[in-house]
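> Sharing a structure, written as structure tokens. Questions coming.
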Amino acid sequence: MPASDHSPAAQIPGGAVFPHGSLTGIAGLQPHEIVFLLDEAEQWVDWNRRHAKSQHPLDGLTQINAFFENSTRTLLSFEIAGKRLGADVVNMHAAQSSVKKGETLIDTAMTLNAMRADVIVIRHASSGAVQLIADKVDCPVLNAGDGAHEHPTQALLDALTIRRRRGGVAGQRVVICGDLLHSRVARSNILALTALAAEVRVCAPTTLMPPAIERMGVTPFTDFDAAIEACDVVMMLRLQNERMAGAYIPSTREYHLRYGLTLERLARARPDALVMHPGPMNRGVEIASNVADHPDHSAITEQVEMGVAVRMACLDVLTRRARGVEGWA
Amino acid sequence: MPASDHSPAAQIPGGAVFPHGSLTGIAGLQPHEIVFLLDEAEQWVDWNRRHAKSQHPLDGLTQINAFFENSTRTLLSFEIAGKRLGADVVNMHAAQSSVKKGETLIDTAMTLNAMRADVIVIRHASSGAVQLIADKVDCPVLNAGDGAHEHPTQALLDALTIRRRRGGVAGQRVVICGDLLHSRVARSNILALTALAAEVRVCAPTTLMPPAIERMGVTPFTDFDAAIEACDVVMMLRLQNERMAGAYIPSTREYHLRYGLTLERLARARPDALVMHPGPMNRGVEIASNVADHPDHSAITEQVEMGVAVRMACLDVLTRRARGVEGWA
Amino acid sequence: MPASDHSPAAQIPGGAVFPHGSLTGIAGLQPHEIVFLLDEAEQWVDWNRRHAKSQHPLDGLTQINAFFENSTRTLLSFEIAGKRLGADVVNMHAAQSSVKKGETLIDTAMTLNAMRADVIVIRHASSGAVQLIADKVDCPVLNAGDGAHEHPTQALLDALTIRRRRGGVAGQRVVICGDLLHSRVARSNILALTALAAEVRVCAPTTLMPPAIERMGVTPFTDFDAAIEACDVVMMLRLQNERMAGAYIPSTREYHLRYGLTLERLARARPDALVMHPGPMNRGVEIASNVADHPDHSAITEQVEMGVAVRMACLDVLTRRARGVEGWA
């Protein structure tokens, strides 16, 4: 485990952070808890760039990745994170799961708990499913995305990427553009970025804009050209296939025209603006290829790299109490 | 590996148990072999309740879980068991398997053998498939359920649960209720429980009762209210979806009425009766929710926990000869 | 890692082999590089026959098996190989992949790279997909079969099997019979066997024979009885299901009659001829069961065993530079 004694977060006694034990969302986290996780993750970044990158703080612990909704990238990231920490990592794929045999979600949770899991990572298509499971098990639960609710590790990795590339999050003008109505990524990012004192703008067609979103402390726009003006960070959301036809947007071509990130549009942002996307991208729909691959502006692959580091930090930190790490017991 | 020198089973020289090498069923096991496995499992239970629960007796050994039939829970249990013992665990999923390309089962067995597996765990929809594979490979084979034949680790975990909760198996009056005709769980349990001198009753509608089942040393009932009378243990079987409509039972509602375990019906058993179910449950069909979740009677999550311990014991014991453990070579 | 100082290949300074870093095909390998890999693999064979067969040269390294095309056997072989070397092995299954969400192959490659993979094993239905990925990532890439292009580890394991069973490859008369037009196995084998100075004949119906194949240094036949005459090695190819009906062959029965390997036909080869098949076999189509199972002639299960050893050698050798192994940095 990287030495953390030089980090400001190390000043915080362990017992003062994460009294709740699980990470079900950004909501409920204190800003100093977010910063603590980012500091921890920062140290894993360098670690992961070495070869022979295994550490074994989680040796002998069982991590179950229970993915009730498919997500290759997020599963890979959590699996790599756990294995690098030395955990016994076991994947439970929903497609083969007892859930299909009519078992209730709570019965599944009780089963994973009875197998003496030490940490459970959950992905589920229903908002609130992760909290339901967290309430029933004895070990920490990590939300890997639940319905339209939250995707906290995505928000943490995005904050870490911004912090590393821009020197900090506070005061940055960030625009989040796309399907805000259905996006857990947007929700968690708004919570994390406002907690860290960024100035957050959101932009979507009216059909994809949640009502009263300004209550979350953000400024809504329907005109992307206006929203992107002088922004430090442009965060594009993935347009889900199921929204592409009919009900929400007239066509992907029309969407690209009004809400796609092109080089021309990016020119309205700050000259050194950062471009982000949680992936997988629909090139030519929400983002043009020359923007996605731009050597100076694009931080998209760096986001993936930060993802592993952030998940290592979460797995490490959340299991400290159970492992009896000094200051956390 | 937990010290076993204080256990009575340790008196048995290793060479005297499991001369056959594999565990294809309860049939063929001597009672002292069953007790030996329960004693071994008992020691892993406490081990699994600690953190940092890995031991590495199987370090450097390759365990292949060849599941030709999906079973998320059983696969998870065997995978966790193997990883906690330090084995290199590899899952072979039937859905992606060469079997679909028309390869024979024996060719698959020869392939796994040629890869120098040290132990193979098999689940297969056909009775006898496990024995067929065991005959062709050089390493121990563990039956994780084959057709309507056997599911020996389920019977062992059930026996361990009864032994721990009731102080012993001998003399316990156990009723097994449900689809006895198609249930490998019932078959293995009848063999194990009668071997350990329990008094076993079985209960099913006539359409789901195997002919001449009394030859197995059990008493058959078609009336659940009569069968449950004064029982110490009530073991419910899962009603498979494919039996629910038409041919075997009139309707799930009718089934619940006559063969479902409700609190009212449970009142006919001993006041401290244990309720068991192999999972996943159809709540409201074979078992009512308030029985499944009953804090005093239900041993259902404990069964799951015992499952990991029993599988660790089987994996450990069956590989001892090959590992050259003293007394087993 | 097995000591290799007694092997002739050890005389070659590491820097002189594999300057390209990845193994995308046999094409481009020097004969001494092929021999070097065979020598390395040879040493893993004995190792794998022991129990406690783990070595940990790849400890702390992340191996991603990215299989965009299903192949249970090849995936198992690479997974076992990597785990025996101590790598953290992670499987990415195409069926659940972002590729289905419309992500480009290059985006997937960039993602795996950003997660700091140390070696990526790729299987893909399109020829050239592996090279495309190798061009985009920083770590070695291993081709586990791409379209009709190459399957280099299959050719290496076949060469190792021949070398062990026949004492060498040079001068051996080998006939490769079957669907040469679509077979990456045939292509890689022709390249490896001719590089190692075997005399290679190929045999197929005209509809399955690539044009101008004699330019690869092999002698084409359409009559299997003539082609097999006095051969030391008879290598049968799998007839893919999709070729069986109509367009390429009249019927499987007709195919078996003219191109199936029977005991009668095998009698035309050398008396000690070796029979090989990459598996999974269509018994009764391209090969008769009594040939496939022949105790003297068949080397089919030995091929599977050599497969694990060859893949261990490739994983070990290709990561040496990054691991800073002396002479390879």
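The backbone N, Cα and C atoms fix where each Cβ goes, glycine too.
From TrEMBL, here are the annotated features:
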type	residues	note
DOMAIN	C:23-163	domain 'Aspartate/ornithine carbamoyltransferase carbamoyl-P binding'
BINDING	C:R73, C:T74, C:R123, C:H151, C:Q154, C:G279, C:P280	carbamoyl phosphate binding site
BINDING	C:K101, C:R184, C:R238	L-aspartate binding site
DOMAIN	C:171-317	domain 'Aspartate/ornithine carbamoyltransferase Asp/Orn-binding'
> How many of the residues that make up the domain 'Aspartate/ornithine carbamoyltransferase carbamoyl-P binding' (C:23-163) does DSSP mark as helix, as strand and as coil?
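Summed over the domain 'Aspartate/ornithine carbamoyltransferase carbamoyl-P binding' (C:23-163), the classes give 67 helix, 26 strand, 48 coil.
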> Non-local Cβ contacts of C:G279 (carbamoyl phosphate binding site) (under 8 Å, 6 or more apart, same chain)?
C:R73, C:R238, C:I300, C:Q303, C:V304
> So if I measure Cβ to Cβ from C:R123 (carbamoyl phosphate binding site) and keep only same-chain residues at least 6 apart in sequence, which ones fall under 8 Å?
C:A66, C:F67, C:F68, C:E69, C:S71, C:T74, C:L75, C:A144, C:G145, C:D146
> Beyond C:R73, C:T74, C:R123, C:H151, C:Q154, C:G279, C:P280, what residues of that chain have CB atoms within 8 A of the centre of the carbamoyl phosphate site's CB atoms?
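Surrounding the site, in chain order, are C:S71, C:S77, C:A144, C:G145, C:V185, C:P278, C:G307.
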> How many Å separate the two farthest-apart Cα atoms among the carbamoyl phosphate-binding residues C:R73, C:T74, C:R123, C:H151, C:Q154, C:G279, C:P280?
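Pairwise Cα check on C:R73, C:T74, C:R123, C:H151, C:Q154, C:G279, C:P280 gives a maximum of 17 Å.
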> Quick one: Cα separation, C:H151 (carbamoyl phosphate binding site) versus C:R184 (L-aspartate binding site), in Å?
6
> Give the distance between the Cα atoms of C:Q154 (carbamoyl phosphate binding site) and C:R184 (L-aspartate binding site), rounded to the nearest whole Å.
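Roughly 9 Å, rounded to the nearest whole number.
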> List those binding-site residues among C:R123, C:R184, C:P280 whose Cβ lies under 8 Å from any Cβ of chain B, in sequence order, or write 'none' if there are none.
C:P280
> Work out how many Å separate C:R184 (L-aspartate binding site) and C:P280 (carbamoyl phosphate binding site) at their Cα atoms, rounded off.
15
> Including all protein chains displayed, how many Cβ atoms other than that of C:R73 (carbamoyl phosphate binding site) lie within 10 Å of its Cβ?
22
> Within 10 Å of each Cβ, count the other Cβ atoms and name the one among the binding-site residues C:H151, C:R184, C:R238 with the highest count.
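Compared across C:H151, C:R184, C:R238, the most Cβ atoms within 10 Å surround C:H151.
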> For C:R184 (L-aspartate binding site), what is the secondary structure state per DSSP, taken as helix, strand or coil?
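SS state of C:R184 (L-aspartate binding site) = helix.
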> Count the Cβ atoms, other than its own, that fall within 10 Å of the Cβ of C:Q154 (carbamoyl phosphate binding site), considering every protein chain shown.
26
> Per DSSP, what is the residue tally for the domain 'Aspartate/ornithine carbamoyltransferase Asp/Orn-binding' (C:171-317) in helix, strand and coil?
61 helix, 24 strand, 62 coil
> Including all protein chains displayed, how many Cβ atoms other than that of C:P280 (carbamoyl phosphate binding site) lie within 10 Å of its Cβ?
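Excluding its own Cβ, the number within 10 Å is 21.
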> Within the domain 'Aspartate/ornithine carbamoyltransferase Asp/Orn-binding' (C:171-317) only, compute the mean pLDDT.
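Mean pLDDT across the domain 'Aspartate/ornithine carbamoyltransferase Asp/Orn-binding' (C:171-317) comes out at 94.
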> So if I draw a 10 Å sphere around the Cβ of C:T74 (carbamoyl phosphate binding site), how many other Cβ atoms end up inside it?
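So the number of other Cβ atoms within 10 Å of C:T74 (carbamoyl phosphate binding site) is 24.
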